[in-house]
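Colleague: One structure coming up, written as structure tokens, with questions to follow.
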């Protein structure tokens, strides 16, 4: 079985058209006189993990008010450059911090009682705007929803607040959370803290940017095609897309329809690897029991594998050599430190990663109900005609981004029946991947073929999302790990993948890689 002639023609056009537009974009794209870098972090409180901050607050070595104020000051310093936090709740956060400090003063049971009841007591938190946070905007970057405020908290947000975390505000997303760059006509575009001329990723890009800048320590994101991992990669931080049905996807806009809930994952984003596991445990609530998060692990007993690229798909960019070399350094360090063998493997089906992701997101649920069309989400109860919006966009009159309009147009070109060839590729890949990983296997895979691109660049390389999106369809847990900086002083990184419900494996590897390669780097010092 192979691609039909029609499918081959469509593939050829998918390659040719974006590349022509990219060449034109590079020719006419103007430069910028904006400053390229952020000021360095000066307050030492901003260099502690959430776990460390919670411990210091419980021990009364520092007050929650002092910590929250330190983060507010940093946000006010860098956010005018980044546009990452789009709505703050600073005054309320200070009040909540004062209540946390009072609770600690009045607690007679000691630190252990506080640790068990409120493991994040007094620690500041940022929240992706698409998650409902009571009293905060919940638009998903859609301009027509600009005045919509959340009346309740999304389940994972509620669990973090119940653990004592204090939200500082909500962060920017791509329009309707379905693009690799966080830009919309409600809040504007968000920049990368390592280079303000570059993108921060999407759709949890505001989270990646604010955390990577040192203006937040922990945050919450969602991921249906890389929306946690791409921002974490581009902004030099850690993030985890959990196994299916571990963290609730409820309380978000837009919500998942069709089979999308099977492929979407809500998870933690943070600067320090030691925060990943406790955050995941809190966000999962009672379903954390599905995972072995309390189990001690021995990295020497893991089986390690590495895949250097997707096999050379004509749709995707070649993997940057600096990323290839960084992944090779990880393999070499694992072998030297642990005495393990990192085996290089390949999967020919990965060549069709984008087509698999695109096909499966459009499949109906078990009751035969297809996902809500993207154009209906854009309309938000009204009506939208993509071609008309494209014409309006040319004259600056559309409320929608070029990316959203392009996605709507792409959706309209979809075949009513999925390609049998693509379905077969997925079936084979799923079996081979599960057989390889089992319950003790860990796979290294590139996060993206490129270092953080310039603003708007993904409009011409949209299929690069295949590197992350394929792992959503496979339903595997993935931890995104930073690996230092490139010669351009941009973050390097790698995805660490494990078998279903084996989230504790890549989380343990993240701790190791942070020690081995340094983890997050202050962009003001980069």
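We number each residue from 1, going along the chain as drawn.
In case you wondered, yes, glycine gets a Cβ from its N, Cα and C as well.
Per TrEMBL, the feature active site, charge relay system maps to 128, 203. Residues or ranges marked as active site, acyl-ester intermediate by TrEMBL: 227. Look at TrEMBL and you will find 66-505 tagged as domain 'Amidase'. According to TrEMBL, the signal peptide annotation covers 1-30.
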Colleague: Please determine which of the active-site residues listed here (203, 227) has the lowest count of neighbouring CB atoms within 10 Å.
Modeller: 203
Colleague: For residue 128 (active site, charge relay system), just count the other CB atoms lying within 10 A of its CB, please.
Modeller: 31
Colleague: Just to verify a number: CA distance, residue 203 (active site, charge relay system) to residue 227 (active site, acyl-ester intermediate), in angstrom, no decimals.
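Modeller: Their Cα atoms are separated by 5 Å.
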Colleague: In the predicted model, what is the mean pLDDT computed over the domain 'Amidase' (66-505)?
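Modeller: Across the domain 'Amidase' (66-505), the average pLDDT comes out at 97.
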Colleague: Measuring Cα to Cα, how many Å separate residue 128 (active site, charge relay system) from residue 227 (active site, acyl-ester intermediate)?
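Modeller: Cα-Cα, rounded: 11 Å.
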